[in-house]
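Trainee: Structure in structure tokens, see below.
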Amino acid sequence: MLDYDEVTAFLGEWGTFQRLIFFLLSASIIPNGFTGLSAVFLTAIPEHRCRIPDTVNLSSAWRNHSIPMETKDGPEVPQKCRRYRLATIANFSELGLEPGRDVDLEQLEQENCLDGWEYDKDIFLSTIVTEWDLVCKDDWKAPLTTSFFYVGVLLGSFISGQLSDRFGRKNILFLTMAMHTGFSFIQVFSVNFEMFTLLYTLVGMGHISNYVAAFVLGTEMLSKSVRIIFATLGVCIFFAFGFMVLPLFAYFIREWRRLLLAITLPGVLCGALWWFIPESPRWLISQGRIKEAEVIIRKAAKINGIVAPSTIFDPSETNKLQDDSSKKPQSHHIYDLVRTPNIRILTIMSIILWLTISVGYFGLSLDTPNLNGNIYVNCFLLAAVEVPAYVLAWLLLQHVSRRYSMAGSLFLGGSVLLLVQLVPSDLHYLSTTLVMVGKFGITSAYSMVYVYTAELYPTVVRNMGVGVSSTASRLGSILSPYFVYLGAYDRRLPYILMGSLTILTAIITLFFPESSGVSLPETIDEMQKVKKLKQRQSLSKKGSPKESKGNVSRTSRTSEPKGF
């Protein structure tokens, strides 16, 4: 039976057409790098203290001592959520009493910030935190906003594949790109926290949907050898490039509305790609639109300077060229992921693996404001370190076993994060460097986990297995802002938690089967056994009948993109 790759082999693998598709689709991901982690600057919390109204009659001495002091990470700093009772200190000021000399400040009654807060503007002129006072009793709202963005990503993950299967890769790519850009633009005019959060959720839905559509379109149009590079390096590196440019925008534009507008506008420019990116011929064939697919392929041949055959698709073979996804396989359900002890343990381990990697990746990215040093430089470095991480992951996938590659990357990331707490407070650059190395290790693991998981599950439930694992990843990203939030109580706590979880997961990874150089399993019974189950199941088989393989159908071996 013919297949699409054989029929279109005359186009070559890396002609002008393929290069255009590779770079244009990768470039369409750059705006995702802007919005994916824009919360680092949009929801940043500047230094703040209770506002003392100018109308209150206080001497300069009492105005300077109106805020109680507290010890935090060594030195004494003004409290952020309390002040001395204004009526009391105003009375002392009127009587001519001096703070500290005539009045014991530790005995004074305190009150909340009844008149709002004053925010330091050395780094940020405004953020949503300063505009809507999302501090103190409302400090949970800023991480909630970020979590809702990732809730949108979770929802978009569920619908994007179904929409592109029904309406076409190109249509959904540009529709969700418009959704991503449009709601981000409306977000600029948010009048309150609730409106901003709702729109941020919708932005998250468009964000992941156009990412997935671009990924699928590229993998369907590029040859086998090129699509591997596109999936592991192309879209990931261009996302990282957008992430690297984000702090440059933020450095020059320090007011959150103008910054959001600036990082939204490049998405408008991507609309021009409509006239350069064609629909997926594979999808057109699956819909029976053979003539349209031929037109695209002949145009590709012309761009590559190749003369196309007089007949590309033989009508008698048209049905055989349908994607496997268009065939109706025997029904399998989510229950199949826990049907046998082996696949049940593998599924649980995969959920833990994906959840932990996602918490580490997004937690470290969102924790940028809490790092010592310049926030803009730190953000750039955390983005730049992803590029060599992706390259390393690609090399490891080519030459080293999957299990040890994953475990090694996670051990590296987790161990250096645990070392952060041991660094003396005056060695800021060392602690920041360790965080960068931790991000490097976790990013490498994130880049490999899609491939590894897809290879472990059998064809009949592969999409479900990767889908459930990917859902765990989304849940990890939703939780990650609250790992960062814990840093308000102790700056070392996020690193201790993320480092411990990452090392624990690295140990769990060592019990996964090895998939490198092994044929992909087609049925549940063909799956490799999880470590420690091999011996137990081999013994049990001596006294029990083998599991029935049943009638299963073979579906396409697919993998999904790393989701941001």
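A Cβ is built for glycine as well, from the same backbone N, Cα and C atoms used for every other residue.
These figures come from a predicted structure and were not determined experimentally.
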Trainee: Which one of these stretches, 80-100, 143-163, 290-310, shows up in Swiss-Prot as transmembrane segment?
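Mentor: That would be 143-163, the stretch labelled transmembrane segment in Swiss-Prot.
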Trainee: Quick one: does Swiss-Prot have Gly408 and Pro513 on the same side of the membrane?
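Mentor: Taking the topological domain names from Swiss-Prot at face value, Gly408 sits on the side where Pro513 is.
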Trainee: Ranking 173-193, 198-218, 258-278, 345-365 by Cβ pairs under 8 Å to the transmembrane segment (466-486), which is first?
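Mentor: Looking at each of 173-193, 198-218, 258-278, 345-365 in turn, the most contacts to the transmembrane segment (466-486) are made by 345-365.
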Trainee: Return yes if the transmembrane segment (198-218) and the transmembrane segment (345-365) have at least 3 CB pairs under 8 Å (sequence gap of 6 or more), otherwise no.
Mentor: no
Trainee: Before we move on, state whether the transmembrane segment (377-397) and the transmembrane segment (173-193) share at least 3 Cβ pairs under 8 Å, counting only pairs 6 or more apart in sequence.
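Mentor: As far as Cβ distances go (cut-off 8 Å, pairs 6 or more apart), the transmembrane segment (377-397) and the transmembrane segment (173-193) do not touch.
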Trainee: Are there residues at least 6 beyond the ends of the topological domain 'Cytoplasmic' (398-409) whose Cβ is under 8 Å from a Cβ of it, and what are they?
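Mentor: Apart from its flanks, the topological domain 'Cytoplasmic' (398-409) reaches 353, 441-442, 444-445, 448-449, 451-452, 455, 506-507, 509-510, 512-516.
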